[in-house]
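Participant: Pulled from Swiss-Prot, these are the listed features:
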- 23, 24, 25, 26, 39, 40, 63, 64, 66, 67, 122, 123, 170, 171: (2R)-3-phosphoglycerate binding site (BINDING)
- 214, 238, 343: ADP binding site (BINDING)
- 214, 219, 238, 338, 343: CDP binding site (BINDING)
- 215, 216, 220, 239, 313, 344: AMP binding site (BINDING)
- 215, 219, 375: Mg(2+) binding site (BINDING)
- 215, 220, 239, 313, 344, 375, 376: ATP binding site (BINDING)
């Protein structure tokens, strides 16, 4: 699956067309159904505005919200989003009470002049995800013919299909892969994701560095495996570094996290790195704690002393940070997935902050710096660095699967240029 040859919204003629856009409006709502964070709605605005400005007859928006498990549930209605959209766009938004069906088709077909129509939650139909849950919470597969019918119902609402929901791209749901229109293109959010991941995975400027954190080696094995033939250097940090240190160098790690299953593959990873000429950088000192809490008694340990029993490493120390900074400064492409420490707790946030500072400095001196979603995206947001980096991915699971070398159904379904 090539990421760089997919059709984008800018390649498609939208004049007088019904433009069907899969957006990600899965926003948090409070008990009064008020939106507590509208970031995802704001993120979709450039694509929506582009369709209107380029003469679309109707702009039809479809999304999921929460997990209603294939049944209509007012708690998960997208109606509050219609109100928010009207505010943000200063334009009227028609809310369709169902995402498919005769009435919805009539609303869409009557629309003119770039009218925006927001469809009700796709997941009110079991046919969107392909399954629902029964009263006991057991999964029930959706009827194949009904899934086909649902997909035809969505297809009937557009002339052109645009996918701007990268966070769901790893799911083969009906709205992601089942719309059968001649032109299926990416919106601006998905376009940017694909462009930047192509810059890392398909044609990186070298040296190419990957920074990988996280808890378990066994969780990241596919990621490491896919990146080793591509990168020049690899920083392994976060809790999973302890499994490497103990297995390779017999460093005492105290009560730090040790991944028994992961320890069995550490040797293979190191061999593969040697074969591919990849420099592996591991931490050499640690900030320790007697418990996993902000008020823990803290200490400091080096490789030579080891971490004493009763203590665990929750961050890496200054010497490690210096190593990371040097490696980051040498790289031209940097892909970061996973923080070095437990940044949510202030005493263990130092290395994460300093690694982020180094990444920002690299981006400002012309390197491409990509944050691969998840916890590291939270770090960038927490310290206000999003705009200072080349790209912060919006897809947690989708980014990870892409980095693992998996085909994303939602991307694969797009037309090629």
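Yeah, the Cβs are placed from backbone N, Cα and C, and that goes for glycine too.
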Participant: Sort the binding-site residues 39, 219, 313 by C-alpha distance from residue 343 (ADP binding site) and give me just the closest.
Facilitator: 313
Participant: Specify the nearest of the binding-site residues 215, 238, 338 to residue 25 ((2R)-3-phosphoglycerate binding site), where nearness means the distance between Cα atoms.
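Facilitator: Of the binding-site residues 215, 238, 338, 338 has its Cα closest to that of residue 25 ((2R)-3-phosphoglycerate binding site).
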Participant: Filter the binding-site residues 66, 238, 338 down to those whose C-alpha lies within 10 angstroms of the C-alpha of residue 376 (ATP binding site); answer none if the list is empty.
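Facilitator: So far as Cα distances go, the binding-site residues lying within 10 Å of residue 376 (ATP binding site) are 338.
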Participant: Please give me the binding-site residues out of 23, 63, 214 that lie within 10 Å of residue 220 (AMP binding site), comparing Cα atoms only.
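Facilitator: Near residue 220 (AMP binding site) by Cα: 214.
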Participant: Between residue 375 (Mg(2+) binding site) and residue 338 (CDP binding site), how far is it from one CA atom to the other, in Å?
Facilitator: 6
Participant: Based on Cα distances to residue 63 ((2R)-3-phosphoglycerate binding site), point out the closest of the binding-site residues 215, 239, 338.
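Facilitator: When the Cα distances are compared, 338 comes out closest.
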Participant: Here's one to test understanding: among the binding-site residues 219, 313, 344, whose C-alpha is closest in space to the C-alpha of residue 39 ((2R)-3-phosphoglycerate binding site)?
Facilitator: 344
Participant: For residue 313 (AMP binding site), list the number of other Cβ atoms lying within 10 Å of its Cβ atom.
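Facilitator: Around the Cβ of residue 313 (AMP binding site), 29 other Cβ atoms lie within 10 Å.
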Participant: Can you tell me the CA-to-CA distance separating residue 344 (AMP binding site) and residue 214 (ADP binding site), as a whole number of Å?
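Facilitator: One finds 14 Å between the Cα atoms of these residues.
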Participant: In terms of DSSP three-state secondary structure, what is the assignment for residue 313 (AMP binding site)?
Facilitator: strand
Participant: Among 215, 239, 338, these being the binding-site residues, pick the one whose CA is nearest to that of residue 122 ((2R)-3-phosphoglycerate binding site).
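Facilitator: For residue 122 ((2R)-3-phosphoglycerate binding site), the closest Cα among 215, 239, 338 is found at 338.
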Participant: If you measure residue 23 ((2R)-3-phosphoglycerate binding site) to residue 338 (CDP binding site) at Cα, how many Å is it?
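Facilitator: The Cα atom of residue 23 ((2R)-3-phosphoglycerate binding site) is 26 Å away from the Cα atom of residue 338 (CDP binding site).
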Participant: Might you list, by sequence position, any residue in that chain lying six or more from residue 170 ((2R)-3-phosphoglycerate binding site) with a Cβ less than 8 Å away from its Cβ?
Facilitator: 395, 397, 398, 401, 402, 406, 408, 409, 410
Participant: Taking Cα-Cα distance, which of the binding-site residues 66, 239, 313, 338 are within 10 Å of residue 214 (ADP binding site)?
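Facilitator: Of 66, 239, 313, 338, within range: 239, 338.
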